[in-house]
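According to TrEMBL, the features are:
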- 79: active site, proton donor/acceptor (ACT_SITE)
- 179, 180, 181, 182, 183, 184: NAD(+) binding site (BINDING)
Ligand code: NAD
């Protein structure tokens, strides 16, 4: 395994991690350790090239700095990516080689699951580094974070709906969900139980068929999800899907979902605001997962109490952000970023 620094003016540290024997090529980005050791998940995707992977890890790790600060966690922002198709290229040896790369940062970065990773994969990393959470078993093991991520998004949907129309009731509301993976599926389950109607899409036809059967959802093709008439759009797949092409197409009042980096550019938050679409900032809406992961990193013995308390506080933070954005006639994203930057300016508070 070779780990080499990648020069950066925006991040504290970035490394390229390679291993010829296992075909590993990935990156670790530590955006900020101001609030504590950097924490954020490991993503495996068949990126088109190294530049795409590097761009993704830089954006995602910066998002983790904001997400962890918004959630009130004593953790900084970091993220890791591996270039490859998780269904073909992921081997125990490759994961362990990447784990050695994480270990060489000596506790400055903690990883966990993100897209393309599972608790079992985290157990492979744990064979070579203690800087891994989201494990299936062991002391403080927190397992798959996605059910708690979905709980946080569900709260954010209710809060945003209440801010928009005075009631958090979801019975009879239509939600368009993009992505039926770990997070999207759990979210659909919660929305279905709350009486919402679902319009769903995924690039995986089997997941779509299952959601139609289980939730009585209406399925649409992946590129149609931006044009459906619904009350709420919940992106739960990839980033960059709120952009100059898609925002003009949306026929929803609210965007609130779990995907990281939903906005292609910061200007897209303004574009949503100008269209009168209320946006729940992704790094606030999807903080549930890292809250759950944090119980393992911070060795919290009463996970349930910690998660409940932090999720409730995150919901209050979102309420305050939405109120301030309304008062200032600006986008909630701009207020959310200012809110976390203020928290980071006084880290001991
Ligand atoms: P996942 O890999 O389990 O699921 C992603 C789903 O999206 C898959 O079913 C995939 O087929 C589908 N998909 C991919 N491209 C698509 C497209 N263009 N259109 C429609 N569907 C598409 O990942 P996940 O863990 O559910 O995470 C989903 C998103 O939420 C990611 O952006 C992730 O970073 C973010 N997130 C996840 C967690 C967590 O706890 N897992 C926490 C915070 C944020």
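FYI, residue positions are counted from 1 along the chain as it appears here.
Quick reminder: no glycine exception, Cβ is built from N, Cα and C everywhere.
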Other than 179, 180, 181, 182, 183, 184, which residues of the chain come within 8 Å of the NAD(+) site, judged by Cβ distance to the Cβ centroid of those residues?
-> 146, 185, 186, 187, 202, 207, 236, 237, 258
Taking DSSP three-state, what's residue 183 (NAD(+) binding site) in: helix, strand or coil?
-> helix
For residue 182 (NAD(+) binding site) and the residue listed as 'active site, proton donor/acceptor', the CA-to-CA distance in whole Å is 19
For residue 182 (NAD(+) binding site), what is the tally of other C-beta atoms lying within 10 angstroms of its C-beta?
-> 22
In sequence order, those recorded positions of 79, 179, 180, 181, 182, 183 whose CB lies under 6 Å from ligand 1 = 179, 180, 181, 182, 183
Count, for each of the binding-site residues 179, 181, 184, the other C-beta atoms lying within 10 angstroms of its own C-beta, and report the residue with the smallest count.
-> 181
Students should find that the Cβ of residue 180 (NAD(+) binding site) has, within 10 Å, a number of other Cβ atoms equal to 27
By a simple count, how many Cβ atoms lie within 10 Å of the Cβ of residue 79 (active site, proton donor/acceptor), its own Cβ left out?
-> 29
For residue 183 (NAD(+) binding site), nearby residues of its own chain (Cβ under 8 Å, 6 or more apart in sequence) = 146, 149, 150, 153, 236, 258, 286, 289
